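Trainee: Pulled these features from Swiss-Prot for this protein:
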type    : residues                                                                                               : note
BINDING : ASN203, MET232, TYR261, HIS297, SER317, ARG318, GLY319, ASP358, GLY359, LEU360, ARG361, GLU397, TYR424 : substrate binding site
BINDING : HIS401, HIS465                                                                                         : Zn(2+) binding site
BINDING : CYS541, CYS544, CYS549                                                                                 : [4Fe-4S] cluster binding site
Amino acid sequence: MEQKIKFPRSQKVYLPGKLYPNIRVAMRKVEQVPSVSFEGEEKIATPNPEVYVYDTSGPFSDPSMSIDLKKGLPRLREEWIVGRGDVEQLPEITSEYGQMRRDDKSLDHLRFEHIALPYRAKKGEAITQMAYAKRGIITPEMEYVAIRENMNCEELGIETHITPEFVRKEIAEGHAVLPANINHPEAEPMIIGRNFLVKINTNIGNSATTSSIDEEVEKALWSCKWGGDTLMDLSTGENIHETREWIIRNCPVPVGTVPIYQALEKVNGVVEDLNWEIYRDTLIEQCEQGVDYFTIHAGIRRHNVHLADKRLCGIVSRGGSIMSKWCLVHDQESFLYEHFDDICDILAQYDVAVSLGDGLRPGSIHDANDEAQFAELDTMGELVLRAWEKNVQAFIEGPGHVPMHKIKENMERQIEKCHDAPFYTLGPLVTDIAPGYDHITSAIGAAQIGWLGTAMLCYVTPKEHLALPDKEDVRVGVITYKIAAHAADLAKGHPGAQVRDNALSKARYEFRWKDQFDLSLDPERAQGYFRAGHHIDGEYCTMCGPNFCAMRLSRDLKKNAKSDK
């Protein structure tokens, strides 16, 4: 089961740290062919620089490494984690459910075989990236993300505000999250915050009727190839525990989950039977496996549930509907809200971040920015402060379905009420009339809210509202959202964001077709369309033909102007 990811004319490169010289920050270098010009009859070739691009493919794109999915990825961060001296390796897993799955011999054929014993903070030790940052410590993870965000800006002479100290300060103040469970050492450090590159998340996961472990692992790798910055396993079908283990051990990006889904499976789908003890064991189980962040719908309050009654589409969040029903059936405050401090105590022992789930997000543009949505946001603002008190990194989930003229209010209100914690939104979709094209309706809103300050965008595929996405849907969703995120980075003026655009535009003007393909987000798709047009590698395409190509005519004008001089 060896896996490789390849990109045309690209080379995997590693930049060293300065504070920590032994760290190797992975990125991809794209080679370009020379520009060709003529001085009279003389042909002149002028070299074009290599272009460095952010790379989420991990060791899978390193030709010097052999990756076997049955053994998992190299444990990149384990030496850093253990070297700090504040964690201990447990003699065995401590989750009751995890132990039960481990001891069930009927699952041996499904099990990932090379499972390491989990780590946990030593008693009295604060081991989260936020705790280190508050103490003024720049960790290897912090320097790693600073280098990764800048790529080769220093070499290009591009000024940047993103230094290891800036990263530390943003994490200490809660303005950025570096999701890095100590039990997922395979993950390459990355950062989520509005003063950094806009990130995208990919949702995968099986359902009760569809998919297998192999398919979900394949989707995870596929997401990493095309640029997914984080991955959420939203499995609700069989063998959730084993599926998650396979994904985490082979995933070079942070992995998130919604623990309430598995907790509900443990009570056979009966919401009334959910309780704190089952949920607590689920948290520990997943912390010990290596989940980097949890979506937790603790913002649902007993007194807020009825606010959704006025809506056209009610409650559309799975986690939100589960907790709302639990509150109503028991006529009690949510156990997630009541035990939020206990939740944070657990997460802090493994450095798991909390993503405060928007259980009352609007599911139609009719319901956008309503009382229910903003009441939950107010509670999230309270919860984020409680998380920070426990040194738990936190970010805020947002909508949803929001027309363009209401997007700005979402961003401004989130910054104010949630103390500038990172915002993480699902789109938003700006219209409801395009089933089958909701990757487009949502990317329009995603680009806009990313520009306004959202730190991470949750992708939407063409099958949103229709079916479980397959591998091709994952590709389309990721590429669509990479476009939205990059458009936001350009609008925000992120250091070096325009380097790739300028290189591709120059290649287009000079009819360097191969460079256009190789610099694009999806080289295979671009080249496929070009070849399907029966082109030769000439100075025009079939869109305009030889006589109507504006760039060709523009180049001729330049040549004539040069000759006149």
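Just so it is clear, glycine is given a Cβ too, placed from its N, Cα and C backbone atoms.
A quick note: this is a predicted structure, and the numbers were derived from the prediction, not measured.
In the displayed structure, how are the listed features positioned relative to their neighbours?
Mentor: If you draw a 10 Å sphere around the CB of ARG361 (substrate binding site), it holds 25 other CB atoms from the protein chains shown. In the three-state DSSP scheme, ARG361 (substrate binding site) is classed as coil.
In the structure as shown, the Cβ atom of HIS465 (Zn(2+) binding site) sits within 10 Å of 13 other Cβ atoms.
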Trainee: Express the distance between the Cα positions of ASN203 (substrate binding site) and HIS465 (Zn(2+) binding site) as a whole number of Å.
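Mentor: Their Cα atoms are separated by 14 Å.
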Trainee: What does DSSP assign HIS465 (Zn(2+) binding site), in three states?
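Mentor: Looking at the DSSP assignment, HIS465 (Zn(2+) binding site) belongs to neither helix nor strand, so coil.
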Trainee: Just jot down the residues in the same chain as TYR261 (substrate binding site), at least 6 apart in sequence, with C-beta under 8 A of its C-beta; none if empty.
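Mentor: Result: LEU234, SER235, THR236, ILE240, ARG318, GLY319.
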Trainee: Taking the residues ASN203, MET232, TYR261, HIS297, SER317, ARG318, GLY319, ASP358, GLY359, LEU360, ARG361, GLU397, TYR424 listed for substrate, what is the greatest CA to CA distance in Å, to the nearest whole number?
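Mentor: Among the residues the record ties to substrate, max Cα distance equals 20 Å.
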Trainee: Nearest by CA distance to HIS465 (Zn(2+) binding site): which of the binding-site residues is it, out of SER317, GLY359, TYR424?
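Mentor: Its closest listed neighbour, by Cα, is SER317.
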Trainee: Give the distance between the Cα atoms of HIS401 (Zn(2+) binding site) and ARG361 (substrate binding site), rounded to the nearest whole Å.
Mentor: 8
Trainee: Per DSSP, to which secondary structure element type does TYR261 (substrate binding site) belong, with helix, strand and coil as the options?
Mentor: helix
